[in-house]
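Chemist: So that we are looking at the same thing, I have put the structure below in structure tokens.
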Amino acid sequence: MQVEAHLQKIIDQDGKVHLTLIDPASQTPERAAEIALAAVEGGTDAIMIGGSTGASGTLLDETVIKIKEKVNVPTILFPGSSAGLSSYADAVFFMSLLNSRDLGYVITNQVLGAPLVYKSQIEPISMAYLVVEPGGTVGWVGDAKLIPRKKPDIAAVYALAGKYLGMHYTYLEAGSGADAPIPPEMIGAVKKVLGENKLIVGGGVRDAKTAKLCASAGADMIVTGTIVEEVKDVAAKVAEIVSAIKS
């Protein structure tokens, strides 16, 4: 399965993609698989696996394996560092945190992780990762110089730089469990310069109204993370959001 081509096909057919993010550190592999299955029943298009505190090793591998046993949608690694790689996944967001002050998150982790990606034949999907205020845990761990919420032009030039460096995707991140999502004005400004390149938006997307606002502003893909770990009926919550962004 070529994951990037698969996601493009969904965009061509449905207009938008929904991604569910599962952090292996937040629950057992078995529970992660149950959440993934419920999300797929709700209409999610792919499962992202990872977290900013860097789940790795056996826990990560077992989580990926259990999820793949339950669902047939793509599994995409979302690593917090080079340790967040698993040869069992279908693809990896091979990303650079462009607004980090720490070179480790800009390039060093990528250098360390590249050989494993090469040897295991995981599909790399190049991505510029941009952390916006408030930033949450990822902003702190990644030592990001947070992009101000009221400065969409700064986000746009970062995204443009990522595009010119050859990255296919740009991810605007407000931080896991953020009180507010990425502002629509920022999403629109970034999508304008990206053109055909794909824009992912995540952080603070907790309901259908917010998801639709982000999608209408220009996001090609919407990520739902924290909320699927909190609600009792994951399938219903995901279905509500998927319906909003694809209608």
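Numbers run from 1 along the shown chain.
A Cβ is built for glycine as well, from the same backbone N, Cα and C atoms used for every other residue.
Take a look at what Swiss-Prot says about it:
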BINDING   Asp23, Ser52  Mg(2+) binding site
BINDING   Tyr171, Leu172, Glu173, Ala174, Gly175, Ser176, Gly177, Gly203, Gly204, Gly225, Thr226  sn-glycerol 1-phosphate binding site
Chemist: Other than its own, how many Cβ atoms are within 10 Å of the Cβ belonging to Glu173 (sn-glycerol 1-phosphate binding site)?
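Modeler: The answer is 26.
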Chemist: Taking Cα-Cα distance, which of the binding-site residues Tyr171, Glu173, Gly204, Thr226 are within 10 Å of Asp23 (Mg(2+) binding site)?
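Modeler: Cα within 10 Å of Asp23 (Mg(2+) binding site): Thr226.
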Chemist: Determine the minimum-neighbour residue: among Gly175, Gly177, Gly204, listed as binding-site residues, which Cβ has the fewest other Cβ atoms within 10 angstroms?
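Modeler: Minimum Cβ neighbour count within 10 Å, taken over the binding-site residues Gly175, Gly177, Gly204, occurs at Gly177.
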Chemist: Using DSSP, would you call Asp23 (Mg(2+) binding site) helix, strand or coil?
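Modeler: Going by the DSSP assignment, Asp23 (Mg(2+) binding site) belongs to neither helix nor strand, so it counts as coil.
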Chemist: Near Thr226 (sn-glycerol 1-phosphate binding site), which residues of its chain come within a Cβ-Cβ distance under 8 Å, counting only those 6 or more away in sequence?
Modeler: Ser176, Gly177, Arg206
Chemist: At its widest, how many Å does the recorded sn-glycerol 1-phosphate site span between Cα atoms of Tyr171, Leu172, Glu173, Ala174, Gly175, Ser176, Gly177, Gly203, Gly204, Gly225, Thr226?
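Modeler: Largest Cα to Cα distance for the sn-glycerol 1-phosphate-binding set is 17 Å.
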